[in-house]
Each structure stands twice: as structure tokens, then as C-alpha cells.
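Read the structure below first, then the notes.
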Amino acid sequence: MNTVITVVDLVGTFAFAISGATVGVRNRLDLFGVLVLSFAAAAAGGITRDVLIGATPPVALANWHYLAVSCVAGVVTFYRYADIKRLRNPVRVFDAVGLALFAVIGTLKALEHGLGPVAAILLGMLSGIGGGIVRDVLVARTPVVFQSDLYAIAAMLGAIVVVVGKALDLPPVPVMLASATLCFGLRYMAIRYDWHLPVAPHRDG
Amino acid sequence: MNTVITVVDLVGTFAFAISGATVGVRNRLDLFGVLVLSFAAAAAGGITRDVLIGATPPVALANWHYLAVSCVAGVVTFYRYADIKRLRNPVRVFDAVGLALFAVIGTLKALEHGLGPVAAILLGMLSGIGGGIVRDVLVARTPVVFQSDLYAIAAMLGAIVVVVGKALDLPPVPVMLASATLCFGLRYMAIRYDWHLPVAPHRDG
Amino acid sequence: MNTVITVVDLVGTFAFAISGATVGVRNRLDLFGVLVLSFAAAAAGGITRDVLIGATPPVALANWHYLAVSCVAGVVTFYRYADIKRLRNPVRVFDAVGLALFAVIGTLKALEHGLGPVAAILLGMLSGIGGGIVRDVLVARTPVVFQSDLYAIAAMLGAIVVVVGKALDLPPVPVMLASATLCFGLRYMAIRYDWHLPVAPHRDG
């Protein structure tokens, strides 16, 4: 089980890092800027979660695998941007896998550190979407997660399943699988059928 | 006294959250994005303060009331934006109430955690203005608090009164009232008479 | 030695604060906004490092010298912007001195708090470049450190020298001097000869 989680974690990190590197290349950053965006997209959600629950140093700093995987993703995207663009759909699927895993792990970690159910759901979401928010803030654009595709809702539903499973004392492995499947499935459907949340009907004119 | 503070705290949180939601609606965010901006505007100042003084998990995460109040404010603003716009002036008054209370409470908390007077003043200000800064950064605009209306100065003066009162060992309740009144009063006058700080005279041309 | 470090630290803080204030004045911020950018540019790197390693409250808050020096730099830049512009080259040299010192001190502090070599290098870099990143995010522009002049690479090389010196158990003072000299020298050459990192060859067209 642990090996599976580690592999999925690194795959998710890689996919998130590619999303960061892609934004960096599009914004004409230099190689260093692209690597920073790779690492920020992959790790900022987990780092923020760890700082908020007082678990310092954050695991994404203490364990160098995250940085190494992010840098590989960044370098590949930097030099092979055309190929990465062509692989956009598989990358989005891996990204959804990463989202599901990060949300599940983040929620569990928050519960283990004694946070309440509402805070654990928030921190699970943040683990999944925080990297994308920091990535977008660093290139001065409104985070796409605020405007699109049920991305955050998928993470939230995954986190809720984990919290409910814990509250009902259900066995953890099936709960984690159900949570990750729900999160991944909703995100996948949102990509495939272009589902969105509503935008406010009122305007300034 | 404590009941009064709790009520005022939630009123301030509500007003801050409305400011976040308003910015979100204007920037065409979806419902989730609007709720994030509501919570960020209401809670980011206090969360940052708590992280900086090492008081994790931050009270705005540990206590779900802040999230609940923020979400109510966000949903109302999302669906009734025209009404919220019409109520702009009362909202600004409640916002000034929140600013005063957050600055006072933030300064006290920093002093209780052993920070020196200068750091306590900074953290008191940050408690009041941090939410607005994060709100604006999240939609990629320069924070309005850097450009307007003595907002930060009001928070700073309130924080200074608290620190001086503590240094002189004055009774806490009158000091808190004086501090909050000064902060609120200055902010109110700045709104009413359009007071500003100077902008630098030199330009790049 | 300690006196030398303190003096260099304050000189670097002053130079960093001027870079923040300059950006603030150019963006038409009011006096308060300019002071916030001064302090953010000077202190945000060290504050973020301290939060990430759990060393709260951060030294830049606990010690009021950093705020005082930042405010002096901010006020001077605010009222004498034309003079500061004319002194652009010496300011950049002091800025490179600050970068070198912050990278060295930040790396050492991370090692002392038990972080591994990779994390220490990251945090040393962050100590040097974090202030500039926050400064730029606060005025909603992509951080210049992602686009220019080997700034971050200089900080990284300085950090690597510190980590290698520690691993080989070399005497600390010569290691620090070598590290700072390498960082400063590379940054200085990059300014003087306009050295850059490559930008990705591929574009969206």
C-alpha cells in the first residue's frame, strides 16, 4: 500500500510540476523561473498545509524527492514544450490523479494533527489546490481554480469523504479509495463534459 | 464583555468577507472563487499573524465560525450583488468596526505571545489589513490598502494605543475601548472626508 | 566578526528596502504602501525561511532594527526618488552584497535547525530572493528574479558552498567568505556584462 501511495504521490507531483512549468514557459520566464513555478505548483499546497498545522519543516522541503521530481518535470517542459503541449490530455488525467491523492493525504494529515472536521476539509482542499493558486499568483493572474471546472469542489468532496469515514470509524483503506475515486471521477467528468460552477449573475455594467 | 467581543468579531468578519466576495463577483469568479475570497479577506490577516507568532493551528481554522460566517457573506453577495452594492455605506462602517476590533485583538495576542512592542504593532496592523492584501493579491491587483484612505494608519494607531496602554499598565478594558474608538474614528473620518496619505512627488516621466 | 556581519546585514537590508521602495514609488503607492514594500523586500525572505523551519517569531519581527532600517530606506526613497534613481548603480552593488550575506546566513540557519542539504540550499536561496518575490507579487507583476540576471543562481551557488563546506567540516569563516564572494562576484558580473539564463525556445505562437 505504502509503495503504491509513494508512486502515485510522485506521479501527481510530476503532473502538478508540469502545470507549473507550462505556465512559466508561456510567461517567458527563464529556466530558473520555470523551475520555481514547477516546484511551487507541486509543493506549495502541502507546504502551506504543514505550516498551518505547525508541522515544520514541511515534508516537501524535508524530503528532497519532491524537489527532484519537480525539477525533472520543469526541465523537460522547458526544453520539450511542444511535446508537453501535445500530451495535454494525459497530463490533465495525471493532474486529476494528483489532486485526488493530495486531497486525501492532506485531509488525513490534518485530522492526525488534531484539527476539527471543518478545518481538515479546508486543509485537504488546500493541499490539492494550493499549488495551483501560488503558481498563478506568481505570474500575476487570478488563479484558474477560482474560475473553472469543479477543480476545488472535487478536492472538497474527496476531503469530506475522508472526514466522514473517520467520524464513522470506517476502515481507512476503502475510505481512502472511495474518496480518491470520487475526487478523480468528478474532476475527470468536469474535464470531459466541461462542467462548471455558476458565475454571479450581477455585473457592474 | 466576552459576548460583546464575540458578536463584534463576527460582525467584523462578515463585513470583511463581504469586501472579499464583492471583489470576487466583480472579477467574474465562480461561486467557489467568491467563497475563497470571502474567507481570505476575513481570515488571512489573523491566520498570518498566528503563523508568525507560532500559534498554530490558527484560530480562524480551529474555530469553524469564521468559515461559516464568511460563506454566508459570500453566498449572499454572490446571489444578491445588487443589494450589497446599494448597502455599500453601511458595509464600509461595519468594515471599519472590524478593522478596529481585529487590530486591537491582534496586538493583544502578539503581546501575550511575548513579542516586543514594535512587532506587536506590526502584527496588530497585519491582523487588520492582511485579509485585504491577500484578497487583492488573489485577483492580481495591487492591494488598495497601499493606495488609500488611511486604512492602515488607523489600524496602526489603534495598535499603538494598545501597546502604550500595556507598557503603562493601564486597565485593559478602557485601553481597548480607546484604541478601537481611535481606529474606527480615524477610518470613519477618512471615508467621510476622503482623507489620504501623500503619494510620492517624483515620477519616471 | 559578529560586528562585521551585523553591519553588512543592515547595509543589505537597506539596499533591499530601497529596491522595494523604488517599486512602490513607481507604482504610485502612498507613503504607507511604499514602507510596506520596503519592509517586504528586506524581510519577507527571512520571515518565510523562519516560518518554514519553525523558528517563530521570525527574527525580522523580533528584532526591530530591520523594520527601522527599512522605514528609513522607504522614507528616503519616497521623498528623494530622483536621487535614488541617480544612485542606481551603487544601490545594485549593495543589493548584491545583501544577496550574498542573506544567502549565506539563511543556509547556515537552515542547517542549524536540522534541515538536510537540499532543503538548506533552497532556504538559503529563499532568504536571498524571497523578499524580491513578495515585493513583486504585491504590485501584481511577475517577479523579476524569474526573468533575469542570474540573481537566483548566484544565491544558489553561495548556498551550495556553505552546505559543501559544512559537509566537509571545513572551518566556517573561510567557507562563509568564499560563499559570499562567489555569490557577490557572480551577481556583479551578471549586472556588469548582462548575463542571463536562457528562456524557453518554444512559444504558443
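Along the chain as shown, the residues are counted starting at 1.
Even glycines carry a Cβ here, placed using N, Cα and C.
Feature list (source: TrEMBL):
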- B:6-25: transmembrane segment (TRANSMEM)
- B:7-79: domain 'Glycine transporter' (DOMAIN)
- B:32-52: transmembrane segment (TRANSMEM)
- B:64-81: transmembrane segment (TRANSMEM)
- B:93-111: transmembrane segment (TRANSMEM)
- B:93-164: domain 'Glycine transporter' (DOMAIN)
- B:117-138: transmembrane segment (TRANSMEM)
- B:150-167: transmembrane segment (TRANSMEM)
- B:173-190: transmembrane segment (TRANSMEM)
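Contact counts against the transmembrane segment (B:150-167), taken as Cβ pairs under 8 Å, peak for B:173-190 among the stretches B:6-25, B:64-81, B:93-111, B:117-138, B:173-190. Pairs of Cβ atoms less than 8 Å apart link the transmembrane segment (B:32-52) most often to B:117-138, out of B:6-25, B:93-111, B:117-138. Scored by C-beta pairs under 8 angstroms, the transmembrane segment (B:6-25) has its highest count with B:64-81, from the stretches B:64-81, B:93-111, B:117-138, B:173-190. Packing against the transmembrane segment (B:64-81) from elsewhere in the chain are residues 10, 13-15, 17-18, 20-22, 24-25, 31, 34-35, 37-39, 41-43: each is 6 or more residues past its ends and has a CB under 8 Å from a CB in it.
For the domain 'Glycine transporter' (B:7-79), residue counts in helix, strand and coil come to 61 helix, 1 strand, 11 coil, using DSSP. Sorting the domain 'Glycine transporter' (B:93-164) by DSSP state (H, G, I as helix; E, B as strand; all else coil) yields 59 helix, 0 strand, 13 coil.
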